[in-house]
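Enquirer: When I checked Swiss-Prot for this same protein, it listed these features:
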type	residues	note
BINDING	Gly74, Phe79, Ala125, Glu126, Arg144	S-adenosyl-L-methionine binding site
Amino acid sequence: MDELLRIATSWGLRLDQRQIEQFARYSAELRAWNMRVNLTSITDEREIVTRHFLDSLRCALSWGDTPSRLIDIGSGAGFPGLPLKILHPELHVTLVESVGKKAAFLQHIVAVLDLRDVTVVTARAEVVGRDPQHREQYDVVTARAVAELATLVEYGLPLCRIGGRFLAPKGSAIDDEVVRARIAIARLGGQVIGVEPVEIPGVELRTLVVIVKVAPTPAAYPRAVGIPAKRPIL
């Protein structure tokens, strides 16, 4: 975990010994579970640090004031939500994962790492986005899922409070995708405030799309399960 500590420190992020130990245990549990549940194609220990942990922690440089409530959509193996929880133990984090086996891993790793104030919701994002307990309740919404930005914002912006931020880690060739999503972002109450480079040694250039919520999301969104992916707002 030396590289994790070194790069996080260079970004101005502080990790103590307990947090480093939590990341080490996270890596070990991820690799063990991945032998029976398809959680990630990345199994090399160093790549877990660079492509999962550091890529997740980079979000903390772009969320403005430290949030109190964060929701991670399509959390999978917990990225970026759980590394951000480890970084800021005071965060209240909700992880949304519709696949039962992945949600079971999330419940397991939350217990193993003794993380408090973490809720795992086994449901589709479209359903969660219409639930008054979650709708427009979060300071930060994250989504690292492999989907078009126009689809991701329909999952995420309904959950974001006005003034909050939606953070979408993406690959390098993102300009056209941002342009295609401009109508969806505006209709859902968002405004792009940055497309930031994410530079991690040994990893191809990635980007982080930063969207601020400037207006309420209309009641018609998100649409029914499956529709945002099949027919994005374009």
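Note that Cβ sites are derived from N, Cα and C of the backbone, with glycine treated the same way.
I would like each feature placed in context: is it buried or exposed, what are its neighbours, and how far apart are things?
Expert: Counting Cβ atoms from all protein chains shown, Phe79 (S-adenosyl-L-methionine binding site) has 26 others lying within 10 Å of its own Cβ. Look at Phe79 (S-adenosyl-L-methionine binding site): DSSP puts it in coil.
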Enquirer: Using a 10 Å cut-off, grab the number of neighbouring Cβ atoms around the Cβ of Gly74 (S-adenosyl-L-methionine binding site), all chains included.
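Expert: Taking all protein chains shown, Gly74 (S-adenosyl-L-methionine binding site) has 22 Cβ neighbours within 10 Å.
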Enquirer: Rounded to a whole number, what is the top Cα to Cα distance in Å among the residues the record ties to S-adenosyl-L-methionine, namely Gly74, Phe79, Ala125, Glu126, Arg144?
Expert: 19
Enquirer: When a 10 Å sphere is centred on the Cβ of Ala125 (S-adenosyl-L-methionine binding site), how many other Cβ atoms does it contain?
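Expert: Taking all protein chains shown, Ala125 (S-adenosyl-L-methionine binding site) has 29 Cβ neighbours within 10 Å.
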